[in-house]
Amino acid sequence: MTILKLEPSSEPFTYEQWEELAKTKLTKGAFDYVQSGSGAEETLIKNREVFSQWDLLPYVLTNVEERDLSTNLLNRKIAAPFLLAPVGFQTVVHPDGERASASSASKLNIPYITSTVSSVALEEVSKIMQDTPHYFQLYWPNDDDVATSLVKRAESVGYDAIVVTVDTPLLGWREKDLHNGYFPMETGAGMANFVSDPVFQAKYNSDDLLEDSELIPVIRNILLKQNLTWEKLAWLREQTSLPILLKGILRADDAAKAVQFGIDAIIVSNHGGRQLDGVRSSLSALPAIVEEVNGEIPVLVDGGIRRGSDIIKAIALGADAVLLGRPYVYGLANGEAGVTDVLKNLLSDLDTSLAIVGIPTIQMIDQSIIEEKR
Ligand SMILES: Cc1cc2nc3c(=O)[nH]c(=O)nc-3n(C[C@H](O)[C@H](O)[C@H](O)COP(=O)(O)O)c2cc1C
Ligand SMILES: O=C(O)C(=O)c1ccccc1
């Protein structure tokens, strides 16, 4: 695949320009919901600042004529070491929502993670992804029957893994959303996986009398009142043969526990600074977790990844791959073409960065190319 884009690129081009575009296209409520973090946004800011605390140390005069951005994750080959993070409610950004994001990802062989609160039902997203790896992100609802049903549906249509988000027993204290009175659930954009769920319908809407809008409070009541514990996770482990990833780990001892519980991969994450403000930036949490896990399972990281050199830094610090959240969501403001622009530019940027750091393949990146800033 030729990914180098040599012609001058049309605008928006940079992350910052895409963010500006999204700001002009979305309502204030929707834009703030996507952009903001929780509390005073200290963690949101740290997620970015931490990247400049590390310096890259390129090798010169190595042969980088042939480069390879591809990598393996959970026994599947992927185009580059990044995945699209689970982001709910995407029709608030563009009417095509997840259809556009998944379609773009699948054409580029980039894995996609469908959110529990996606605007498009998980089966439809899976069909769009075809043979490209796709995972289902589970917010464990406070109803085990519904949770099990979601997992079984994902399994039966060919999802490759379940991503259990563990940093969200409740939604974070998001001051901009509270100020704006913007609650994405209330838009109705996050209920596709519930209204299409036979177990949910049988339990909560058995006479089929409730309108979608009347189901919103019902869904709200079972979602994010998480009664998920390590014990329950052990039970989930028994319910599915799919690989399970835990998303939202920041502590090395929790990472060790995940390995003990038979978890297949870890995503080091603070939910893009949207959950507890003041927690550690994800990149600075990474090295201790990588050391603890000691190669037993893959370690992924997300939060603040914006450019090719960010990806190289994360991999040099021991990540197997990274997730992108806001970058592709801002691209989605221009529909599928926007997502594709964002992803292709990132592929080109990563390819360029790899050449200049003097390492021809993702597999060959190691910690020798990174040092703490002096
Ligand atoms: C608008 C928005 C919605 C999100 N929805 C979910 C979700 O449904 N499930 C989840 O596990 N994480 C969710 N996240 C967190 C992302 O998966 C990811 O951890 C985060 O965006 C990464 O940080 P970044 O935006 O700086 O790349 C959401 C993030 C954003 C910005
Ligand atoms: O916005 C989020 O980060 C998110 O994950 C979410 C999940 C459920 C309801 C509202 C927001």
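Backbone N, Cα and C define each Cβ position, glycine as well.
With Y33, Y139, H271, R274 listed by TrEMBL as binding glyoxylate, the candidate from R67, R76, R99, R174 annotated for that site turns out to be R174. Here the C-alpha separation of Y33 (glyoxylate binding site) and R306 (FMN binding site) works out to 19 Å.
Screening the binding-site residues G88, K247, R274, G304, R306, R326 for a C-beta under 6 A from any atom of ligand 2 leaves G88, R274. Counting in whole angstrom, Q137 (FMN binding site) lies 13 from H271 (glyoxylate binding site) by their C-alpha atoms.
A C-beta separation below 8 Å, combined with a sequence spacing of at least six in one chain, links R274 (glyoxylate binding site) to S36, G37, S38, L44, G172, R174. With a cut-off of 6 Å between Cβ and the nearest atom of ligand 1, the binding-site residues P86, R174, R306, R326 reduce to P86, R326. Across the structure, G304 (FMN binding site) and Y139 (glyoxylate binding site) place their CA atoms 22 angstrom apart.
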